[in-house]
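Working notes for the structure below.
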């Protein structure tokens, strides 16, 4: 925001400022796009910390914080790729070397990967499904925060998060599971505008 913007905001008053800020937030939510093609640069540590700090403002019944992050930076991607390939080979012993190389490449599709882990814990009033829902909100928050900082992001899922070799590589406890693999980086190309989606609404009157 420029100094002229600040002066204009002060002159308009708090209601106008609030309306404009709300409009910006709504636009960011409506216009966010998943970016499958990502390259360097990715977020630095300070930017990544800012994203994750924003994401953990997600709804969290009981303030249990039933989630955590595993950050896979550039140096750790090769080891992750090997774990993915080992899991694939265990699942499909007939997999060719070329197929395993393609699986390894999955870990190199973005400069940075944030693994969002759900870690539900026993609670008399907050069931495990609700705690996992909180982790889902956190993952969405990471994607939105990345977009706000000008980075591309895509939320990937799949069976790898359930594979014993991958779980062991990530150091997951028995009660933890992967909510999503958030790939972060600079978009390779500009994304086409999102097609407006009409929400399914039932009005009870």
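Placement of Cβ uses the backbone N, Cα and C atoms for every residue, glycine included.
Curation plays no part in TrEMBL annotations; they are all automatic predictions.
Features as listed in TrEMBL:
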type: BINDING; residues: 32, 33, 34, 61, 155, 156, 157; note: FMN binding site
type: DOMAIN; residues: 29-185; note: domain 'Nitroreductase'
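Between the candidate binding-site residues, 34, 157, the densest Cβ environment within 10 Å is the one around 34.
Applying an 8 A CB threshold to same-chain residues 6+ apart, the list for residue 32 (FMN binding site) reads 143, 144, 147, 194. Non-local contacts of residue 33 (FMN binding site) by the CB criterion (under 8 A, 6+ apart in sequence, same chain) comprise 191, 192, 194. In this structure, residue 156 (FMN binding site) is part of a beta strand by DSSP. Other Cβ atoms within 10 Å of the Cβ of residue 156 (FMN binding site) number 16 in total over all chains. If you average pLDDT over the domain 'Nitroreductase' (29-185) in this model, you get 98.
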